[in-house]
Amino acid sequence: MFGVGDPNARLCFLGEAPGADEDRLGEPFVGRAGQLLTKMIEACTLSRGEVYILNVLKCRPPGNRNPTPHEAGACRGFLERQLELIDPEYVCCLGAVAAHNFLGVETPIGRLRGQVHHHAGRKVVCTYHPAYLLRNPSAKKPAWDDLKLLMREMGVEL
Ligand code: URA
């Protein structure tokens, strides 16, 4: 699965890998976590059509397990070329898998979030994955703080 949104977007949301719903429908973030991501984007006064949504992995790992380094490596060229073409100013990494793959670090997501990173010429904000937020609603407040930081950086008034 490729990605969805505005190919000229200033902001890309980077997830982990398609889940079962995404695999069936051929679009990233369309299941329960995806519905929450849509709400998060709308809370930023944006729409799914104004941003670009893509994943580290282009295929669903069996049983929804975390991607192996070999799988992430196999998809890296596609991700890099997508970002080269879209050329977003901002990337929002959703969850540890996205953040670790994109930034090339292993720092826990709780320490990566809450700040603006500069990586490969882009500004990067990391936050919790919406699937994690569904399981841990108390993390919604810090995730919203991360999105507010990102919107402030982008000059989007909330
Ligand atoms: N979770 C992800 O990380 N990506 C999707 O596309 C769907 C769920």
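Glycine is treated like the rest: Cβ placed from N, Cα and C.
Per TrEMBL, the feature domain 'Uracil-DNA glycosylase-like' maps to 2-148.
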Fill in: Averaged pLDDT score, the domain 'Uracil-DNA glycosylase-like' (2-148)
96
Worksheet item: Going by DSSP, how much of the domain 'Uracil-DNA glycosylase-like' (2-148) is helix, how much is strand and how much is coil, in residues?
Response: 73 helix, 27 strand, 47 coil
